[in-house]
Amino acid sequence: MKYAFAAAAALVPAVSAASGAWAQCGGIGFGGDTTCVSGHTCVFSNDWYSQCLPDDQAPPTTTTTSAGGNPSTLTTTTRPAPTNSDNPLAGYEFYANPYYSSEIHSLAIPTFIAAGKTELAAKATGVAEIGTFAWLDVRAKVPDIAGYAADVQAKNAAGANLVMPLVVYDLPDRDCAALASNGELAIDDNGIPLYKEYIDNIATQIKNFPTVPFVLVIEPDSLANMVTNMDVPKCARAADVYKDLTIYAIQKLNLDNVVMYLDAGHAGWLGWPANIEPAAKLFADLYKAAGSPKAVRGLVTNVSNYNAWSSTSCPEYTTPNVNCDEKRFINAFAPLLRAQGFPAYFMMDTSRNGRQPTGQNEWGDWCNVKGTGFGIRPTTSTDDPLVDAFAWVKPGGECDGTSDTSAVRYDGHCGLESALKPAPEAGHWFQAYFEQLLVNANPAF
């Protein structure tokens, strides 16, 4: 359910006499020009990213700072650092949904016990207790919301402070740039009205539980594909539908007990210099077209992916992207979004990023990657005011895609050397992968 992107070399902007409007003009590892074209000022965002903003958008205070990766210093304009005192997730714990727990207790643990791996079986019980997002990847799962929400309501009444995490994931012609996670709805087969009905039904379920807080991830991969994969005919054809239906979804789900994060790929997808500015415009334009819904808090990154939060050294497969981890990406992305009118905050998926570097040979390797482990447990205690929470969005152990080359949904990424094999269909339980994540978990269980 991922993407294809141009070769890294094609994404590195050529050095010119002065950096253009909205272009990068400084930061650790940056080798381009540190001056901006007329009418623009180099604005320091963080140690890894400075950007040429129009003079009328640059704040009045200045400071002298290193350009990071350049031998000289320059005077740049500094925007006030955002604060996160209004984090809507602060104080909450993510609900551990029974579906994922049942997969672990009915599939993973018995398999470990049968193989004599009793220590892993004991550790697996700990994974089952972690709050993990429930994916509404088919319409038939929407009624499950009622059972989850009733359980959250009862637990909160007894003194807990839980939020119900859900992934909205059923766009028609879903996964337009890959094959592994193609969905149930098609644009040519009544997919648009069926999707609206799907969203309406989710909204109804949520309205039935007005005291239960919900956090929603909206349509993994969809909008990111609109930035990088418009040369794929299926994506080009679906672009307007994706955008229109995303607007419909966030308007209908703009409820008092809801917080939403639109999926924004990850550092190795939208974090490249050629992609990050168009991505900011796309998300901001969509947010404003929807009427700037108050429930849309911002963006979620690294969903179902493997990137580190903050790397002391960048893995070789991330070269030459200066935004080699999610912290760098988010801190480069946020000022671009704000400049476009979208004051976004972030959530990051840490479910499978515990081991660094991973077994990826290329940064675009996304399917059942070897050498990965469970990562930071869900928490709102992040070290960055832009980030509301680290979360487990991807249920670790559910497969990314089949390695069976004869399967209709076979994607070549699932047959790469970096992919663990043999692998079942996307969404099915993958015991060997769950074991890998558990063995490599950091922190350990």
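Backbone N, Cα and C define each Cβ position, glycine as well.
What you are looking at is a predicted structure, and each value in this text was computed from that prediction instead of being measured.
For the substrate site that TrEMBL gives as Trp135, Asp137, His266, Trp269, Trp366, Lys394, Glu398, the extra residue drawn from Asn161, Asn229, Asn305, Asn331 is Asn305. Cα to Cα, Asp221 (active site, proton donor) and Asp175 (active site) are separated by 7 Å. Summarising the environment of Asp400 (active site, proton acceptor), the number of other Cβ atoms within 10 Å of its Cβ, over all protein chains shown, is 27.
Confidence for the domain 'CBM1' (17-53), expressed as mean pLDDT, is 70.
Secondary structure at Asp400 (active site, proton acceptor), taken from DSSP and collapsed to helix, strand or coil, is coil.
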